[in-house]
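Participant: According to Swiss-Prot, the active site, charge relay system annotation covers H74, D123, S189, on the basis of similarity to another entry. Marked as disulfide bond by Swiss-Prot: C59-C75. Sequence annotations record features per position, and here Swiss-Prot assigns domain 'Peptidase S1' to 33-236. The signal peptide annotation in Swiss-Prot covers 1-32 and is backed by experimental evidence.
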Amino acid sequence: MSSASFTTKALSVLAALTAASAPLVAASPAHALANARNVTGSSTTSDSIVRLHIGNTACTGTMITPTWAITARHCIPEDGIAGAAIGSSTLSQFQQVSQAILHPTADLALVELPNQASSNTVDLYGAHVQPGENGQAAGWGGYSAFGQNVAQQADVQIQRRVVNVPSPDRTAVLLEGTVSNGRLVPGDSGGPLYINGQLAGVLSMSTDVENDALDGTVGWYIPVAEHAEWIAYYTGKHIAPIAGAPAELVDATANPTFIPAPQPFTGSSIGGWALGSS
């Protein structure tokens with residue numbers, strides 16, 4: 001990893017998210033996909049995923065222009081050695097991070113790289129996400145947790161658009177999705193929610209409860225459609241008008257999150273390469 005001094009720009013810099021507990025459900029920063037499957041092949045989704053290391057923080061991001069990646073704000077410390085590698089394999093080379101721009105209120109950050117990516121970049125999903133839509137989560141958490149050399153992906157079904165989730169930031173507006181064929185466990189923070197191969201959300205939190213088998217079976221995503229103007233302003237990315245309207249907002253404390261049945265980790269790895277059970 002290259003050593004780099006980078007600058008952080010924001011209207012306000014808030015503390016990184018920390019684990020929170022509450023009856024029935026708690027949400028904490030999401031970190032690795034376990035019991036999932038490899039992100040493979042040459043495609044927009046595999047080519048645009050980013051492995052981020054800034055200070056002692058390991059996260060995931062997504063290339064949305066040749067020089068800009070989007071991730072979660074809580075992934076960005078105030079200083080430290082900063083590097084990013086583009087692509088779904090650890091064979092990808094790290095490059096330094098030039099700067100990070102933090103969203104003033106949402107758990108979003110933009111990370112600028114000095115060299116243009118030669119691989120694909122991903123477009124934003126062209127509509128506001130609605131309950132019942134299906135997508136894929138992807139992330140690099142398995143690299144730190146299990147030594148997996150390939151980014152992992154699982155399936156997500158959006159359940160609700162929520163606020164007041166038991167977490168450090170109860171004002172956050174989030175897409176709540178149940179995870180199947182894998183689960184979020186610690187490095188996937190900031191990773192993408194893809195719908196039809198386009199970026200619909202950025203992972204902010206996942207379930208963190210007393211039963212470890214339930215951890216990571218629900219993820220909360222920042223809906224990028226609701227922040228398209230901010231993204232376009234700083235990156236220069238052309239974003240077409242977003243279709244539809246945001247889904248009804250549900251109070252997640254008054255209407256607690258349903259946590260799916262446990263999904264214990266049953267995958268394995270050979271030589272560091274992940275082998276999912278599905």
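Every residue, even glycine, has its Cβ placed from backbone N, Cα and C.
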Participant: Of the active-site residues H74, D123, S189, which one sits closest to C59 (disulfide bond) when you measure Cα to Cα?
Facilitator: S189
Participant: Going by C-alpha distance, which of the recorded positions H74, C75, S189 is nearest to D123 (active site, charge relay system)?
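Facilitator: Checking each of H74, C75, S189 against D123 (active site, charge relay system), the shortest Cα distance is to S189.
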Participant: Measuring Cα to Cα, how far is S189 (active site, charge relay system) from C75 (disulfide bond) in Å?
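Facilitator: So the alpha carbons of S189 (active site, charge relay system) and C75 (disulfide bond) sit roughly 7 Å from each other.
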Participant: Which state, by DSSP, holds C59 (disulfide bond): helix, strand or coil?
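Facilitator: Going by the DSSP assignment, C59 (disulfide bond) falls within a strand, counted as strand.
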Participant: Mean pLDDT, the domain 'Peptidase S1' (33-236)?
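Facilitator: Mean pLDDT for the domain 'Peptidase S1' (33-236): 88.
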